[in-house]
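For reference, the structure discussed in these notes is given below.
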Amino acid sequence: MEDIKSLIAGVDEVGKGCLFGPVFAAAVILSKKNEIELLNQGLKDSKKLSQRQRHNLVPLIKTNSIAWTIGQASAREIDVMGIRDATEKAMLRALEKFSSPPDLILVDGILPIRLWPGKQKTQVRGESHFASIAAASVLAKETRDELIKRLARKYNCYGLEKNKGYGTEIHRTKLIKEGATKLHRKSFISRLKKN
């Protein structure tokens, strides 16, 4: 049994730049032993993995982590509070689901979570430096993509099953032709119309 002296959670988000749907965040706590196991199984930055590789890693991350959580902030929350605050809200929601707060959080990027009361460290391209952030990036991406796939059946004219809510040319063209749904980020779309 590994002696765990402190709980360190990696935190990452996905979907910040999308026109559709919530922003998701995940937080993952790994032991050193399980970090090595997951890295040996191919864990790395979710952007460097295929969809199949990410999908296969999800159960491994869930079973090999000490704890993992998911948080999200809706398109409406993004419109009301802005993407930075909504992203932080999603991260806080994930972190607050842990039964006890981690001793340290590792946040992907340069911006700390302003309302987090505990210790934190930011790291640009954190998913390339810390296995726990890489694991969080995979969980957040796969969880959000699964939701968008389900929503694509209901909102089938926007190409969501392929673009996952990002502002591809097809998505933008359909927005002009069909209009926005209640799950589109109105603040993002209004910026598109100005350009």
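Cβ coordinates are placed from backbone N, Cα and C, and glycine is handled just like the others.
Binding of divalent metal cation is attributed by Swiss-Prot to ASP12, GLU13, and the same site annotation extends, among ASP103, ASP108, to ASP108. Each of the binding-site residues ASP12, GLU13, ASP108 was ranked by the number of other C-beta atoms within 10 Å, and first place falls to ASP12. Note: the divalent metal cation site is recorded as ASP12, GLU13, ASP108; in the same chain, VAL11, VAL14, ALA25, ALA26, MET91, VAL107, GLY109, GLY126, GLU127, ILE133, ALA136, SER137, ALA140 also have Cβ atoms within 8 Å of that site's Cβ centroid.
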